[in-house]
Ligand SMILES: Cc1cc2nc3c(=O)[nH]c(=O)nc-3n(C[C@H](O)[C@H](O)[C@H](O)COP(=O)(O)OP(=O)(O)OC[C@H]3O[C@@H](n4cnc5c(N)ncnc54)[C@H](O)[C@@H]3O)c2cc1C
């Protein structure tokens with residue numbers, strides 16, 4: 001390396017790794033004294049990445065604000081720019097004379113885009129160095145004995161753990177090289193990530209604080225108070241039993257490697273750690289099928305006879321007005337807080353695809369727009385898993401009964417009462433099936449069914465038969 005290159009400014013490009021702790025690319029970029037450009041690019045061009053939905057944009061605003069403040073405390077500046085990443089990165093390198101660029105790796109379509117950008121930069125005389133930072137095991141690192149990727153989680157996870165030690169986390173830099181004077185970006189507000197007219201984000205503000213420090217506090221409190229009961233209580237949506245780290249992980253405010261090592265000596269954390277394995281597995285699947293948000297992983301589902309789109313029915317599901325309390329509670333939790341409990345995600349996704357026979361892509365898109373943790377791998381993976389079209393999926397013919405799911409996982413109705421308050425005065429016996437309450441009970445609870453709360457939009461038994469027939473039709477056509 002010439003001294004010219006050693007003194008030239010360096011670039012670290014932040015993407016889904018909005019943190020200082022355990023950020024290998026950032027640490028490498030900080031070696032030496034050359035000035036450092038710290039860049040974030042908001043790319044809505046859909047070239048290699050998916051345009052973020054509304055709730056995720058709200059989160060991103062908070063996360064970038066928090067990162068900017070943390071960097072400012074170390075004398076640095078986050079340069080925020082907008083536009084197709086390929087153009088923005090190429091331009092900033094030309095503008096600043098950067099000769100070495102660093103980033104943490106992305107995968108699937110985003111990985112292809114990064115390879116194109118690296119090739120552009122090499123041509124312009126700028127070397128690139130990339131790092132593993134956001135998964136425990138990168139998608140290509142886990143292979144069967146025959147060198148094949150996996151389609152079954154249990155085999156994948158066994159093989160992953162045989163591939164060797166997970167790297168040690170790196171500590172955050174104590175000091176950062178100076179910024180380049182006179183280099184400017186856009187103010188965060190100019191990205192217009194927050195909703196204004198109307199401002200629907202009140203519930204999100206009440207529920208969350210994006211940013212690295214809240215992520216690590218959440219991990220600490222989870223490990224101190226809740227991890228021991230996680231395996232037993234994680235399916236009960238009224239319990240604060242899970243970590244709620246998903247949006248922090250989605251935006252890389254906390255590293256899975258940091259979490260892995262923080263739980264190394266906790267036997268009781270095994271189940272929790274295996275959920276991080278599912279996250280890796282979803283990325284392993286996305287790397288095999290980058291179009292997973294649009295294309296069935298099992299192609300016999302291409303012939304599935306989904307119902308013709310019915311806006312009114314879809315709207316009832318989206319707004320939590322199906323008449324099935326556990327489904328409605330989940331959909332309202334999502335709308336109000338930008339998050340939904342995992343068990344209930346499975347129930348509402350099953351209800352959409354099986355009871356309503358609506359193509360899973362409609363649900364996936366709604367989640368993409370409304371979840372603060374909307375994730376390019378986990379979201380389509382979760383939808384295809386429930387719909388039956390995915391890798392290692394739940395069989396299509398396993399159809400959740402929303403009443404039984406409610407009674408089993410929300411036995412005293414606390415979750416339903418929190419999000420469907422208009423039926424909150426029904427006795428526990430009826431809370432998951434208000435249509436079976438007696439006229440006297442309904443009156444005592446102040447409910448007129450069909451007026452204050454809907455009657456079920458489909459009958460469970462009929463819907464179940466219809467969806468099993470649709471499944472048979474697909475199998476016969478295949
Ligand atoms: C239809 C459907 C859609 C989903 N969409 C998303 C999504 O867009 N983003 C997302 O992060 N998760 C998604 N999930 C997975 C799961 O519901 C959430 O990760 C989990 O509810 C987040 O809550 P938590 O952080 O408290 O999880 P915890 O139980 O505390 O788990 C810790 C972490 O492990 C990962 N994890 C947990 N469960 C899963 C899982 N089943 N699959 C993959 N990773 C998992 C998450 O990163 C999570 O934060 C979806 C699941 C379904 C059924």
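Just so you know, glycine gets a Cβ as well, placed from its N, Cα and C.
Going by TrEMBL, these are the annotated features:
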- 230, 242, 243, 244, 245, 246, 272, 373, 374, 375: FAD binding site (BINDING)
- 8-136: domain 'Photolyase/cryptochrome alpha/beta' (DOMAIN)
- 306: site 'Electron transfer via tryptophanyl radical' (SITE)
- 360: site 'Electron transfer via tryptophanyl radical' (SITE)
- 383: site 'Electron transfer via tryptophanyl radical' (SITE)
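Taking a Cβ cut-off of under 6 Å from any atom of ligand 1, the recorded positions 243, 245, 360, 383 reduce to 243, 245, 383. Counting in whole angstrom, residue 306 (site 'Electron transfer via tryptophanyl radical') lies 35 from residue 272 (FAD binding site) by their C-alpha atoms.
Among the binding-site residues 230, 243, 245, 272, not one has a Cα within 10 Å of the Cα of residue 383 (site 'Electron transfer via tryptophanyl radical'). The binding-site residues examined here are 245, 374; by Cβ neighbour count within 10 Å, the least packed of them is 245. In sequence order, 349, 352, 353, 383, 384, 386, 387, 389 are the residues of the chain that are 6 or more apart from residue 360 (site 'Electron transfer via tryptophanyl radical') and have a CB within less than 8 Å of its CB. Ranking the recorded positions 230, 272, 383 by the number of CB atoms within 10 A of their own CB puts 383 at the top. Across the domain 'Photolyase/cryptochrome alpha/beta' (8-136), DSSP helix (H, G, I), strand (E, B) and coil residues number 54 helix, 27 strand, 48 coil. On its own chain, residue 243 (FAD binding site) has 218, 219, 222, 226, 227, 230, 272 as residues at least 6 apart in sequence with a Cβ closer than 8 Å to its own Cβ. In the predicted model, the domain 'Photolyase/cryptochrome alpha/beta' (8-136) shows an average pLDDT of 97. Here the Cβ of residue 306 (site 'Electron transfer via tryptophanyl radical') has 17 other Cβ atoms within 10 Å, regardless of which shown protein chain they belong to.
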